[in-house]
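These come from TrEMBL:
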TRANSMEM  140-163  transmembrane segment
TRANSMEM  175-193  transmembrane segment
TRANSMEM  205-222  transmembrane segment
TRANSMEM  247-268  transmembrane segment
TRANSMEM  289-308  transmembrane segment
TRANSMEM  334-351  transmembrane segment
TRANSMEM  386-405  transmembrane segment
TRANSMEM  417-435  transmembrane segment
TRANSMEM  456-476  transmembrane segment
TRANSMEM  488-508  transmembrane segment
Amino acid sequence: MSQTIEGTSKGVSPDKTSLPEEMKVTEIPIGSGQDNHGDIRPLDEHAFNFWSVFSLAFSCINSWVALVVSLATILTAGGPTAVVYGFIYATSCTMANVLSHGEMFAVFPTAGGQYHWAAMLSPPGSRAAISWFTGMSNVIGLWLGIAAAAFLCTNMVTSIILVNNPDFILTPGKQYGIFIAMTMFAPLSALGVGSKANRRIEMGLMVLSIIGSLVIIITLLAKASPRASGSFVFASITNETGWNSPAIAWLIGLLPSSYAFIGFDIVYHVSEELPNAKKEGPRAANWTILFSGISAWVIIVCVLFAISDVDRVLGTAYGLPFAQICMDATNSKAATTAFILILLIVFSNATRGNTISAGRTLMAFARDGMLPYGGVFMTVKLGEPIYGIILSVIVALLVGLVQFGPQAAFNSLTGGSTIFFFISYTIPCACMLFGGRRRLNKLFPDRQHNLGKWGMVCNMVSIFFVFQSLVIYVFPAARPVTPDNMNYVIVYAAFFGVVLVALWHGYAKNRYHGPRVRMPTDQGSPIYEE
C-alpha cells in the first residue's frame, strides 16, 4: 500500500508476539474504505438488508434471461434436453457450491469473499499465493463478466433494431458503440442515484423480472400455434456441432446453464454493508440459487414449448432465436420488441452487479496491500469505491475491442468470464476439503452454518462440476474449427494466466502476505494460525 493505515475493530486481537513475522500486520477495520482526505471511512454498514441483498443478487444473475438469450447454443448443441435436464444438474451443483461457501461465509463475512476464505483455510506456507490467485481470478472473472453481460445486452439491442428495421446492417463500429452504452450503464446507475435509490432499483428490477417473465411465458404459450410437442422438449437430442459424439454436443449445450449462475458472489462482496451478515448472507445466497434455478427452469421449458418451427428459429434474421419465437407466436413487432426490452432492462443489471462486486473486491485488495496505490482504490465516494469501479469499466471497454477481430472472440467472453469465476469459486472449496474443514470445525464447532457430514460431499460435488465445466469450456463449439467458429476461451485463459504469473513474481510475491483485515469471528478474534 502507498501508506500505513491503522484502525480499530471489534473483538480482541490475539497476542501478536506469538505470531510468525509474516502475520504481524497492520490491522484495518472491516468495512473500511478511505475518503479523499486519506482517513478511514467505512461503507454504509446498513446499506442492505436480507431482501435488498437477495433482490440485488437475483436481479444481477437473472438466470432465466441468460438461458433465453443462449437458445442458439442450446438448440444446436444437445437440444432441449441439454437445458431441461442439464439445468437441473447445474442448479444442484451450484447449490452445493453455495452451501460449501456458506460454512465459510458464516465465519468470515468480508468484501474479499473467496480470497479471504482461501487465505484463512489454506496452509500457512502457501496462504499468500493461494489467496492472491483466488482474488485475482475473481476480479478477472468480474471484469470479463461486465464485458460478457454488456455483450449479451448488445445482442438484445441489435435484435430490437432488426425486428423493427430488417435492413439494418450491423458493423463492428456500431456494435462497439452499443457495447459502450451497455457497459457505461453500470457506473452511471451505481454512482448517480445514491445507495438508497440503488436498493429500490434492485428491488424494482427483481419485481420486473418476475412479472415480465410471467407475461412473456403466458403470452407465448397462449399464442403459439402449433406448439412444440412434449417429446421435443423432454426427449429430443440434437447435434449440429460437427462433433461425432452426441455426448460432447450435450455437454457443450450444458454451458449456458453453467453461465446462468455466474455472479452470485455479489452477496459476499456487499456483506460488510449487511447487518448480521453471518446469518443473512448465507441465507440470501441460498435463496438466490434456489429461486433463480426453479424460476429459470420453468421459464425455459415454457419457451421451448412455444417453438413452432426450429429451423426458422435457428435461421432467424432477428439475431436472437427468442425474437423469432416471439414473432412466430404473436405476429407483432410491438409485442416482440416489448418482450426483448424486458430482457434487456432486467439483464442490464448484470453489468451493474459485476461492476459493484469488482469495485468492492478491489477495495479489499487495496486494504490488504495487494495493489499499488492502494489508497486510491480505498476511496469511497457516493457510497461506492469509485476508483475500483472506474478501473473495472475501463478494463471491460478494452476487452470489448475484441469485437473488431473475429466475432467468435467476442462470443467467447461468457466462457472466459465463467472460467475465472469458477476458479475463484472452487479454490475455497478445495481448501475446505483438504484440511480447512478440520481447522474450521476445531475453531468454530458451533458456527451458524455447519453442513456436518454433507460438507465434504458438497465440496467434492463443487470441485467436480467446476473441473468438468473448465474442460468443456475450452472445447471448440463446432467442427471443423475455423477462425470464425474457434473457441477463444483458451486464449483468454492463457493471456490472463500469464499476466497473473507475471504480476505475482514481479510485484505481489514480496509484498503480499495475506489479508490484513481482522476477521470478525464468533469468538471475537481473528484467525491467524491454527
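Placement of Cβ uses the backbone N, Cα and C atoms for every residue, glycine included.
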## Note on the structure
Counting only residues at least 6 beyond its ends, the same-chain positions whose CB falls under 8 A of a CB in the transmembrane segment (334-351) are 59-62, 65-66, 68-69, 145-146, 149-150, 152-153, 156-157, 159-160, 163-164, 182-183, 185-186, 202, 205, 208-209, 212-213, 215-216, 219, 263, 318, 320, 322-323, 326-327, 396
### Message
Cβ pairs under 8 Å only, please: of the recorded stretches 140-163, 175-193, 205-222, 247-268, 289-308, which one is richest in them relative to the transmembrane segment (386-405)?
### Response
175-193
### Selected stretch (most C-beta pairs under 8 A with the transmembrane segment (175-193)) from 140-163, 205-222, 289-308, 456-476
140-163
### Query
At an 8 Å Cβ cut-off, counting only pairs 6 or more apart in sequence, do the transmembrane segment (417-435) and the transmembrane segment (205-222) clear the bar of 3 or more pairs?
no
### Query
Taking 205-222, 289-308, 488-508 as candidates, which has the most Cβ pairs under 8 Å with the transmembrane segment (140-163)?
488-508
### Task
State, in range form, which of 247-268, 289-308, 456-476, 488-508 has the highest count of Cβ pairs under 8 Å to the transmembrane segment (205-222).
289-308
